[in-house]
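Below is one structure; the comments refer to it alone.
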Amino acid sequence: MSSSDSIRMVLIGPPGAGKGTQAPNLVERFHAAHLATGDMLRSQISKGTELGLQAKKIMDQGGLVSDDIMVNMIKDELTNNPACKNGFILDGFPRTIPQAEKLDNMLKERGTPLEKAVELKIDDELLVARITGRLIHPASGRSYHKLFNPPKEDMKDDVTGEPLVQRSDDNEDALKKRLGAYHDQTEPIVDFYKKTGIWADVDASQPPETVWSAILKALGKN
């Protein structure tokens, strides 16, 4: 890898694997930008940029935003977002081989090729237990877990005593469908990065601090 405190990587992992915990750690440690494709899309649309307007038109018609628009959005961030000076953590992209190839070509043209693709791996059954047990206090956003972090009183917020709710998309069948789709989509991407020699996997079933150490080790930064 290049200079000791820059980073150019893709973060891969299913819902609930801890990307939301680890991405901020990476941002803080490397002063790099966390480029989550959903956030980027929303930002470009709200700013009314040309790319944002193109994307909005497609989305309003129920279509999927093209690979070219997504790659150009990433290029735009790399060019105009000062936080990208020390590198980037791409999250949610690429999801297909053509996307991975287009991304690679664009990054190589800029002279900033990817250095690592880190996959957070976790057993589906464990993920389902993790996610379906999540309980939320809607007003404050405080979250609990039936198994790992239960409230003092069943289904009640510790601070206010108000009822807790379970997110509707956190139910088991919906989650298993999402995980099935995730694996179908991700396996070819993992193979692609294995072939290019930049892939590394991390066991995401461990406690967050252990996962963090393993990510740094995978990046050669421990």
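The backbone N, Cα and C atoms fix where each Cβ goes, glycine too.
Quick caveat, the model's predicted, so the values are computed rather than measured.
Swiss-Prot annotates GLY16, ALA17, GLY18, LYS19, GLY20, THR21, SER143, TYR144, GLN206 as ATP-binding residues; of ARG29, ARG42, ARG134, the candidate listed for that same site is ARG134. According to Swiss-Prot, the feature region 'NMP' maps to residues 36-65, out of the candidate ranges 36-65, 96-125. Of all the binding-site residues given, namely ARG95, ARG134, ARG167, the one with the smallest number of surrounding CB atoms inside 10 A is ARG167. A gap of 31 Å separates the Cα atoms of GLY63 (AMP binding site) and ARG134 (ATP binding site). For the binding site of AMP, formed by THR37, ARG42, GLY63, LEU64, VAL65, GLY92, PHE93, PRO94, ARG95, GLN99, ARG167, ARG178 according to the record, the largest Cα to Cα distance is 31 Å, rounded to a whole number.
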